[in-house]
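*Asks:* Among the features that TrEMBL reports, S-adenosyl-L-methionine binding site is placed at I52, S82, D99, D127, A128, D145.
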Amino acid sequence: MVESYSKNANHNMRRPVVKEEVVAFMRREQKQVSGGLKELEDFARQENIPIIPHETVAYFRLLMETMQPKSILEIGTAIGFSALLMAEHAPDAKIVTLDRNPEMIGFAKENFAKYDTRQQITLVEGDAIDTLSTLEEIFDFVFMDSAKSKYIVFLPEVLKRVSVGGVIIMDDIFQGGDIAVPITEVRRSNRTIYRGLQRLFNAVLNHPDLTASLVPLGDGLLMIHKNAENIVLPD
Ligand SMILES: C[S@@+](CC[C@H](N)C(=O)[O-])C[C@H]1O[C@@H](n2cnc3c(N)ncnc32)[C@H](O)[C@@H]1O
């Protein structure tokens, strides 16, 4: 039994931003995961733990195999599903993954001990606001999948640790479509996330030294390509 996620959690993840039948098609027709990943996917579904949906799995598989990143940072490990997926499809990559939830950290440790057979993954415990600045590596791929209102807060530290030519992906940036409507139409409890995401879009979508793309997979991905060494974000 998992304590961290109630049956009512992840409300926005159940509001697809693409037609439901298209989402169902993507989930049904694209190659399924197997082995340990399948076990973790089933567990996450049963316990309502918000791991990446299957259409994002299929996209990440292709991205890892074509990009073959050597050094990956993930913010938001949960039970370790996406980290293990990236490890499987980028076998030469070292992966650093950050999480602050003790319950999730417990599951991730067990799962990495069982399934990280090439010992690619290092789990760093604690709030990313504290742990990010302690990282010494430079990464060529970053997956941000933690508290959405904090993406804009973490981004300056992340950008310092990404090589020129590196890619950053942030998950769940559409918030079930909320980001496209005025704030008055957004539930009060979702407005902090809304404001954080609007600040993020203002900072990156038209930045001269970043190339950004919004991709409607799952609840939306924001993909960013870093084109220059020192990126200065607007306030
Ligand atoms: C959506 S889940 C990650 C799912 C995982 N990436 C996957 O697809 O398998 C989000 C995780 O981010 C963690 N998280 C949220 N805010 C964080 C923060 N400020 N620092 C570290 N971890 C954080 C939560 O504890 C949770 O385990």
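Easy rule for this one: first residue shown is 1, then count along the chain.
Using the three backbone atoms N, Cα and C, a Cβ is placed for every residue, glycine included.
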*Asks:* Would you please pick out, from the binding-site residues D99, D127, D145, the one with the fewest other Cβ atoms within 10 Å of its Cβ?
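*Replies:* Output over binding-site residues D99, D127, D145: least Cβ neighbours within 10 Å is D127.
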*Asks:* If H, G and I count as helix, E and B as strand, and all else as coil, what does DSSP give for A128 (S-adenosyl-L-methionine binding site)?
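*Replies:* SS state of A128 (S-adenosyl-L-methionine binding site) = helix.
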*Asks:* Would you give the longest CA-CA distance, in whole angstrom, between residues of I52, S82, D99, D127, A128, D145, the set recorded as binding S-adenosyl-L-methionine?
*Replies:* 20
*Asks:* Which of the three DSSP states, helix, strand or coil, fits S82 (S-adenosyl-L-methionine binding site)?
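*Replies:* Going by the DSSP assignment, S82 (S-adenosyl-L-methionine binding site) falls within a helical segment, counted as helix.
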*Asks:* So if I draw a 10 Å sphere around the Cβ of I52 (S-adenosyl-L-methionine binding site), how many other Cβ atoms end up inside it?
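*Replies:* Summing over all protein chains shown, I52 (S-adenosyl-L-methionine binding site) has 25 other Cβ atoms within 10 Å.
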*Asks:* Only counting partners 6 or more residues apart, tell me which same-chain residues put their Cβ under 8 Å from the Cβ of S82 (S-adenosyl-L-methionine binding site).
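*Replies:* The list for S82 (S-adenosyl-L-methionine binding site) reads I51, I52, F60, E74, F143, D145, given in order along the sequence.
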*Asks:* Return the count of C-beta atoms lying within 10 angstroms of the C-beta of A128 (S-adenosyl-L-methionine binding site), excluding that atom itself.
*Replies:* 23
*Asks:* What three-state secondary structure does DSSP assign to D145 (S-adenosyl-L-methionine binding site)?
*Replies:* coil
